[in-house]
Amino acid sequence: MSTLQRRRVNRADSGDTSSIHSSANNTKGDKIANIAVDGDDDNGTNKKIAYDPEESKLRDNINIPTLTLMEEVLLMGLRDREGYLSFWNDSISYALRGCIIIELALRGKIRILDDSARKRFDLSERLIEVIDSSKTGEVLLDETLQLMKNDEPLSISNWIDLLSGETWNLLKINYQLKQVRERLAKGLVDKGVLRTEMKNFFLFDMATHPIADASCKEAIKRRVLSVLVSRNMELSYNEYFPETTSFKIIRTLALICGSYGANVLENVLTTLEYEKRDKAISRAEEIMAQFSQYPFDLEKETELGVSVNLNKEVKEEIENNPGHDLQLEVIAGVFEVFSRMDMLL
């Protein structure tokens, strides 16, 4: 039995938002609030439109980029022309499950169970609860959310193990997410980032996914290098990652930590000189250690002279998005799992 199979386990789910109704008299017990919005009907007269405030919250307060965190990590591991991942990478599958947990937290779907006794446990051992089971439109996220919703609260590390199929619990063996890499690649094809080609490998044909839009991957690389190489971090934005993205700094840190855990970070650093590449890896490890605890240690300054403004930017981002501490605690817990992956694998 491999050491990878000695980990732990656990869950997921998804649900639908409540339907929208308008009425003249709303009672206090109504779950759906009717909020009037002025609009013009066909006759030019003003008309009131009712909508679900939960939908408005997701649309206006949580701005989601085009690509999920899992898709960005997969892109960093893909060979541009060949369109497939390294056959020797046994870390990426486990890391992608962790990225699913982070993505759900960034979207406000899950958080750490608010129990004062939780602080006796490591971050990765704290329990997760679902706070919004509405569908995201991303199949892997919705599948995971549905599993979480239907099960009791389980720890971060339990969930990553379960989604990876690393469990001895036969009742939960079906929690393993199937064909994650292939499904992510097909999602990127649908978004116009990759294309599908059939290539012959000895005796069989295999679907590969070469890069169709090189600008997307280059933008991801620039964002990573801005944090790991530049003295002052300054993120670049595009149609895939707009400036209005919620928690854009923390999402970028999650990309770096997820890529490090998936053993694909060095793919971005191949064009750098040896010394710069070594310093970038050291900075990634420094970030992993700093942000795998919560509250984040924002008083600790980097010793490498790289992205010296990172702490200030993260502090401002958290202050501008109050009330998300328990979601950020989930992210820190996954970072803790990533930091131990060498021992786990």
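Going from the start of the chain as shown, residues are counted 1 onward.
Cβ atoms here come from the backbone N, Cα and C positions, even for glycine.
The feature region 'Beta-hairpin required for oligomerization', as given by Swiss-Prot for the ranges 137-148, 197-208, 209-220, 245-256, sits at 197-208. Residue annotated by Swiss-Prot as phosphoserine (from the set S14, S18): S14. Mean pLDDT of the predicted structure over the region 'Beta-hairpin required for oligomerization' (197-208): 82. Secondary structure of the region 'Beta-hairpin required for oligomerization' (197-208) per DSSP, as helix, strand and coil residue counts: 0 helix, 10 strand, 2 coil.
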